[in-house]
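The S-adenosyl-L-methionine binding site annotation in TrEMBL covers T151, G172, D194, N232.
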Amino acid sequence: MFELAMTAPQALVEPVSEALMDELEALSVSVEDADADTEAEHALFGEPGMPPPRAGWDRSVIKALFADELLAQQALTLLLAQDWTTGLHPQGLTEMAEQDWVRLTQSQFAPVPVTEQFWIVPTWHEVPAGATRVMRLDPGLAFGTGTHPTTRMCLRWIAAHAQPWPRVLDYGCGSGILAIGAALHGAQVIDAVDIDPAAVESSRANAVANGVALNAGLPDAAQGVYPLVLANILATPLKLLAPLLCAHLAPGGHLVLAGILARQADELRAAYAPWLALEVSDEDDGWILMTGQRA
Ligand SMILES: C[S@@+](CC[C@H](N)C(=O)[O-])C[C@H]1O[C@@H](n2cnc3c(N)ncnc32)[C@H](O)[C@@H]1O
C-alpha cells in the first residue's frame, strides 16, 4: 500500500478528502495538524464551555492510503489539475509496510500457567511442555482469559481442590473460564451464569471448544444449592449478592469470591458474616481471594 501526504489550507481539507474517498479510490483518509509540535501550533478546542477558537487547523496534512503506487500518483495528478486546489502541496508518497494485525494481536496473548500442569493456552499456540491439563481459550468479548490475577487465583483454588464436585455454580461466568476450569478438574454438573448475554454465548462457545458440558444462562439459570459456588465479580456487587450466593450454598458448601482488593477484606467479611466466616486464602498483585465454608 502507498500513502500520499499533502499539506492543505483549512478550506481544502473537506473537499480534497471527499474527492479522495469518493472519486480517487483512496482506501482511507486521515487529517493531521501540519504545524503539530511546532511554534505555529494552535489549540483547536476552547476551554470547557467556550466555543472553539477556529473550526480547524491553519494547515493540515491530508494522508490518503492507496492500494498501489499508480492509483496514488493518478490521484495526485488529478487533484493538482483542478482549479479549486490552489494551496494543496504534495509532501511525499511512501510505501507502507504491510502489518499483519492478526499476528500482532495474537502475539500479545501467551499461554498462562495456573499451576505447573494446568495452563490456559490460546488456540494458535502450541501446548507448553509439561502442561498436562489445558484449557483452550482465545480472547473474546467476555472477561476471563486467565491473565487477570482474580481469575488466576480462582483457577488455582479450583486446581488445588480438584474433586468430582456434583454441582458447581459459576456466578458472573464471563468467558466461562472458571466453569470450564472446574469441569477440567472433575466437576460434574456446572451452571455458569452472567447478566451479560454476550458472556453467556461466550461461555457456551468456549465450553464446546474444550469439550466440556456447561449449562450457561442468565442468573435465573442458577437453581437450588451447590457444594461449590464461585463468583469473581467486584466487591460492591459481591456484597449485594451475599444473600443470593449464600442461599445457593449447600450445607458444608464452599464459597470462593474474587474481584476484591486487599483493603476491602473487612467489608466483605462483614457482608457474609450472617452465613459464614470468610477468610483471605490467596493474594495476587493487590487482589485477594476470599473463601468460606457454610456450616
Ligand atoms: C470480572 S468478570 C469475571 C469473569 C470470569 N468468571 C473470570 O473469573 O475471569 C465478572 C463477570 O460478572 C458479570 N456480572 C457482573 N455483575 C453481575 C451480577 N450482578 N450477576 C451476574 N453476573 C454479573 C459480568 O458481566 C462479568 O462477565
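Counting starts with 1 at the first residue shown.
Using the three backbone atoms N, Cα and C, a Cβ is placed for every residue, glycine included.
TrEMBL: automatically predicted annotations, no manual curation.
As the structure is a computational prediction, the values presented were derived from the model and not from experiment.
The binding residues for S-adenosyl-L-methionine are recorded as T151, G172, D194, N232; their greatest pairwise CA distance is 15 Å. The secondary structure of N232 (S-adenosyl-L-methionine binding site), as reduced to three states from DSSP, is extended strand. In sequence order, F143, G144, C154, D170, Y171, C173, G174, I177, L178, L230, A231, I233, A258, G259 are the same-chain residues whose CB sits within 8 A of the CB centroid of T151, G172, D194, N232, the residues recorded for S-adenosyl-L-methionine being left out.
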